[in-house]
Amino acid sequence: MFLYNLTLQRATGISFAIHGNFSGTKQQEIVVSRGKILELLRPDPNTGKVHTLLTVEVFGVIRSLMAFRLTGGTKDYIVVGSDSGRIVILEYQPSKNMFEKIHQETFGKSGCRRIVPGQFLAVDPKGRAVMISAIEKQKLVYILNRDAAARLTISSPLEAHKANTLVYHVVGVDVGFENPMFACLEMDYEEADNDPTGEAAANTQQTLTFYELDLGLNHVVRKYSEPLEEHGNFLITVPGGSDGPSGVLICSENYITYKNFGDQPDIRCPIPRRRNDLDDPERGMIFVCSATHKTKSMFFFLAQTEQGDIFKITLETDEDMVTEIRLKYFDTVPVAAAMCVLKTGFLFVASEFGNHYLYQIAHLGDDDEEPEFSSAMPLEEGDTFFFQPRPLKNLVLVDELDSLSPILFCQIADLANEDTPQLYVACGRGPRSSLRVLRHGLEVSEMAVSELPGNPNAVWTVRRHIEDEFDAYIIVSFVNATLVLSIGETVEEVTDSGFLGTTPTLSCSLLGDDALVQVYPDGIRHIRADKRVNEWKTPGKKTIVKCAVNQRQVVIALTGGELVYFEMDPSGQLNEYTERKEMSADVVCMSLANVPPGEQRSRFLAVGLVDNTVRIISLDPSDCLQPLSMQALPAQPESLCIVEMGGTEKQDELGERGSIGFLYLNIGLQNGVLLRTVLDPVTGDLSDTRTRYLGSRPVKLFRVRMQGQEAVLAMSSRSWLSYSYQSRFHLTPLSYETLEFASGFASEQCPEGIVAISTNTLRILALEKLGAVFNQVAFPLQYTPRKFVIHPESNNLIIIETDHNAYTEATKAQRKQQMAEEMVEAAGEDERELAAEMAAAFLNENLPESIFGAPKAGNGQWASVIRVMNPIQGNTLDLVQLEQNEAAFSVAVCRFSNTGEDWYVLVGVAKDLILNPRSVAGGFVYTYKLVNNGEKLEFLHKTPVEEVPAAIAPFQGRVLIGVGKLLRVYDLGKKKLLRKCENKHIANYISGIQTIGHRVIVSDVQESFIWVRYKRNENQLIIFADDTYPRWVTTASLLDYDTVAGADKFGNICVVRLPPNTNDEVDEDPTGNKALWDRGLLNGASQKAEVIMNYHVGETVLSLQKTTLIPGGSESLVYTTLSGGIGILVPFTSHEDHDFFQHVEMHLRSEHPPLCGRDHLSFRSYYFPVKNVIDGDLCEQFNSMEPNKQKNVSEELDRTPPEVSKKLEDIRTRYAF
């Protein structure tokens, strides 16, 4: 079995975010890392929408990311620390839209190791040096400079190693143009290591150490070190030189401290806490991330606590000495992994879990009544300030980036009866959790819908003048009339536009600079800017059946297949070409391309005929109306559309932006198929045809503009958009009802919209999330969803949600009541009334936990619910709250053989589980009966068990439960479940159970899979095979009777299969002593499974399912990852395909090595050597290679570049999208 890996949706969780001017213009951009992906985002300063400019897979783990700018430069570079053992400096090239590797210096081994640098990066604020550090011991400093040609150069590394030292954080200190300096949070563990009593370990202190790079001596010295009172978790650089006092802020538990050299005394200020917080009062508070904003006149920091509260931190200085730190509560946003304050006044928040946000900073919070806390205020040691959290006041949300991270569970099923299956994804954490329903398609925003007086058959938009940015008229054609609407604040009917209203319209367009043309069945109407009208009438009884128009040309087909060609002369007159062209059959459809910039005319006309052919006809004056080429079609054409697509933006000498792309002829057939063919711009030849089936209706094609490039809207029983995005073609359905006719639409409110008609309504639509594979509907949940099952009859979902360190609703209410009573009791006689009012206000206050976070209850505190949900409407039908410290871990829906048709839900619950050191007071299996057509849970009984029931699976009319490391068969009893049989020989802890026939495949938390056979006659569970590798299995899926696919905690996917000679018939041993099964092999079962395939995905996979994703497609193995990625593994159907892709992968490894310097083969073989899998993500980078490299690779494969990319597209569309 050979598989091909494809990513459908890249990881969405963000681990690092940096900002700067990466394209060299004044625009602010953000570079984010999503595990093994680098992405460049550009927030539009006018609309606030975030656009993705570039996404690159780096095939390595990005461990740190920094931006720097050389002194006097205008462009930021990116320095990346990864697991490749190399430091890499990247530059973004806007002309090619790619990251270019400028420098790659090797310094150590690959892999994420504790003493190989890469975990921490720090840059001197003036861009003169960069320090790259390991978690332990090693630190290297590289000096950055320019050569004579102003190119960036990098020195050889200077060492600043110190053995037995752990590093917690590193920053560059802003010292102006003095020798560059770096500050590190370190801890020396040498004494603690050598002291057997453990006393030294208890007294070990963290130190703040400054390293100075002496540029004169080219040497790094350890300048200064001092022990810290509290344990710091990160450092913030304070602007220095002429901008500020320099030094660092140390964020530690409960305090923030300012430190600098010389006579500067330490300034420390406690971190304020929420008033009346339900959190455990003993729990400390830390800052988790920060962002700095610096202008010429001032600077401030925004720092966020682990509850999500952002504080604005300012420093008061007196002659370069800091005198106090001031903190002011700013706003509360979800807890971030990284924050960036952009110069354009935006705050980008990359959330730890869930969606990411872009906020506009509306106020700086200087002049509001929020109290300001200062280090100068007198406080007892151990006391702190209190503030009241509130909804957003200084920030305004302007954009939200959908993120599925973390996906904890996923099932694929067509519960909504839509032909195409939906993905039901449980994601998020705590109160920000959600169940999301993903459908393949682009999200459509409806801008306006208006009723029309009848059912129109076509719609167009035209501009008044070629220089206009926006459209002026919408023209709607009916069976016997034409309606003209003007576009302004509102859309109104106009009568003086010059259009003929008493006839249907075939087409209309802007002609030349400022004239309009209307083609109707009896003639052509040319309307000048001063409302003069020229008409051309059809001869005799002939009428116009089809037409094609652009800015300078009009072609019409008369009845009988006669073509008449008009072209505009320099004076703005429409002139008919002297000859007419008779076609051999009736014309069904025609298309002209737009006139290329700087040219007089479009050279080609495409004509589709009844005889199932499409012909390209020249419009060049030298051979006008001469046929150039022809293509036979499998069915009759319905519509044609010539577009220029896939171009990269180029700037010419005058700075004019234009794009150089390829001409494509799109052909929509009457049988619902779309063909895309390359049209040669010189000869007019047609080549390289791609085919896609779109739906059951004939395909109509319309040209629209998306992100400044031409795109094609194709309408069949579903509407599809064909567009080029990041050097790849996308053909994506729109998640919207069926449309009949459309045209591009540009107005002030909606610069790149679509106007469309559907029955008797006119709709204005916008597509904002180009490049998105899925559109999603999210239903909020209360705690982190762990697993869910689908009830087969009602299609409802039964979800278990569990959170550690959390209170149940009942405990929360109880704690609040208790705190309110304490408030009243603590008050003196005269303050009683005031205290009572405060207590009442506190009880009534209800801040949404999805924004403000849930209170942290402490270790060993659990909260759980069981929810029954309708997945289509997303409404909760039933909710069962479990008691405090009961944690639901497993769920199953099953029927018992002795109870007939009733469905039961079993939920495995742990009681008082403490994770570290692990202890558990036992567990229960709750049994519920599904009543009321699967909408309500009726509690039957709970069965006590001695360990955590982490896996439940129905089995032959009974149920299998993994209780800790015991595998048991239970049956339903009146008062509880009855134990029928057990096996005690599983190694550690059962994390999953799959069943097929008499076989049970058990996943162990550390020891991979164990195959068990149930013998009915002797009522025994007997282990007959296991795996030879230890695998920390997270999820498994059965592929057939002998084969199982599994994933582990470290990001690997494997497929293991029992060899054909495996014997599970224990009864057949004639001697009766069952010797084979008792013998054992390699400390395990007597028979071993074989590994069919191994592959390192690079993200922890938490669900696997064998399914088909598109109607009529083939089966594939779909996986989802913790970081929000969705991918598939698809089998090759032929040897030659496998051979071809193996060679593509081999050539790309050498011709197009990964961006961060990691070896592709060793990345995919991180834990186990990669076996029988070809990496489609690498193969698809073929499309983004430079054309000459593409040519070299395809010549090695005896193909042309279009043939190679066609193969890549075909394998993708056969299984997915």
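A Cβ is built for glycine as well, from the same backbone N, Cα and C atoms used for every other residue.
Among the features that Swiss-Prot reports, phosphoserine is placed at SER156, with the record citing a large-scale study or a structure entry. Within its own chain, SER156 (phosphoserine) has TYR142 as residues 6 or more apart in sequence whose C-beta sits under 8 angstroms from its own.
The Cβ of THR1200 (phosphothreonine) has SER1194 as same-chain neighbours under 8 Å, each 6 or more residues away in sequence. THR1200 (phosphothreonine) falls within neither a helix nor a strand when secondary structure is assigned with DSSP, and so counts as coil. The annotation phosphothreonine is assigned in Swiss-Prot to THR1200.
The residues of the region 'Interaction with PHF5A, SF3B1 and SF3B5' (105-119), classed with DSSP into helix (H, G, I), strand (E, B) and coil, number 0 helix, 2 strand, 13 coil. The annotation region 'Interaction with PHF5A, SF3B1 and SF3B5' is assigned in Swiss-Prot to 105-119 (among others).
The region 'Interaction with PHF5A, SF3B1 and SF3B5' annotation in Swiss-Prot covers 145-168 (among others). Taken together, the residues of the region 'Interaction with PHF5A, SF3B1 and SF3B5' (145-168) have an average pLDDT of 95.
Feature annotation from Swiss-Prot assigns region 'Interaction with SF3B1 and SF3B5' to 193-231 (among others).
Feature annotation from Swiss-Prot assigns region 'Interaction with SF3B1 and SF3B5' to 786-804 (among others). Listed by sequence, the residues of this chain that lie at least six past the ends of the region 'Interaction with SF3B1 and SF3B5' (786-804) yet keep a Cβ under 8 A from its Cβ atoms are 408-409, 411, 413, 415, 424, 426, 430, 433, 435, 854, 859, 861-872, 877, 887-893, 903, 905, 907, 915, 930, 933-935, 937.
Feature annotation from Swiss-Prot assigns region 'Interaction with SF3B1' to 1028-1049; the stated evidence is experimental evidence. Only residues 6 or more beyond the boundaries of the region 'Interaction with SF3B1' (1028-1049), in the same chain, are considered here, and those with a CB under 8 A from a CB of the stretch are 991-992, 994, 996-997, 999, 1001, 1003-1009, 1055-1058, 1060, 1062, 1082, 1088-1089, 1091-1092, 1097, 1100-1106, 1117, 1119, 1167-1168.
Positions annotated as region 'Interaction with SF3B5' by Swiss-Prot: 1100-1123.
The Cβ of GLY284 (site 'Interaction with SF3B5') lies under 8 Å from the Cβ of GLU253, ASN254, each of these being in the same chain and 6 or more residues away along the sequence. Annotation source Swiss-Prot lists site 'Interaction with SF3B5' at GLY284 (among others).
Annotated site 'Interaction with SF3B5' per Swiss-Prot: GLU306 (among others), in sequence order, evidence recorded as experimental evidence. Its Cβ placed at the centre, GLU306 (site 'Interaction with SF3B5') has 18 other Cβ atoms within 10 Å.
Its Cβ placed at the centre, GLU352 (site 'Interaction with SF3B5') has 21 other Cβ atoms within 10 Å. Look at Swiss-Prot and you will find GLU352 (among others) tagged as site 'Interaction with SF3B5'.
Of all the Cβ atoms in the protein chains shown, 19 others lie within 10 Å of the Cβ of ARG429 (site 'Interaction with SF3B5'). Sequence annotations record features per position, and here Swiss-Prot assigns site 'Interaction with SF3B5' to ARG429 (among others).
According to its DSSP assignment, ASN916 (site 'Interaction with SF3B5') is coil. Packing around ASN916 (site 'Interaction with SF3B5') is summarised by its Cβ count: 7 other Cβ atoms lie within 10 angstroms of its Cβ, all protein chains included. Here Swiss-Prot flags ASN916 (among others) as site 'Interaction with SF3B5'.
Under the heading site 'Interaction with SF3B1', Swiss-Prot lists ASN988 (among others). Its Cβ placed at the centre, ASN988 (site 'Interaction with SF3B1') has 12 other Cβ atoms within 10 Å.
Counting only same-chain residues at least 6 apart in sequence, those with a Cβ under 8 Å from the Cβ of LYS1171 (site 'Interaction with SF3B1') are VAL1091, ILE1092, MET1093, ASN1094, TYR1095. Positions annotated as site 'Interaction with SF3B1' by Swiss-Prot, on the basis of experimental evidence: LYS1171 (among others).
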Three-state secondary structure, ASN988 (site 'Interaction with SF3B1') (per DSSP): coil
ASN916 (site 'Interaction with SF3B5') and ASN988 (site 'Interaction with SF3B1'), distance between Cα atoms, whole Å: 16
Rounded inter-Cα distance in Å - GLU306 (site 'Interaction with SF3B5'), GLU352 (site 'Interaction with SF3B5'): 11
Reduced DSSP assignment, SER156 (phosphoserine): coil
Structural state census, the region 'Interaction with SF3B5' (1100-1123) (DSSP three-state): 0 helix, 13 strand, 11 coil
Assigned conformation of GLU306 (site 'Interaction with SF3B5') - DSSP reduced to three states: coil
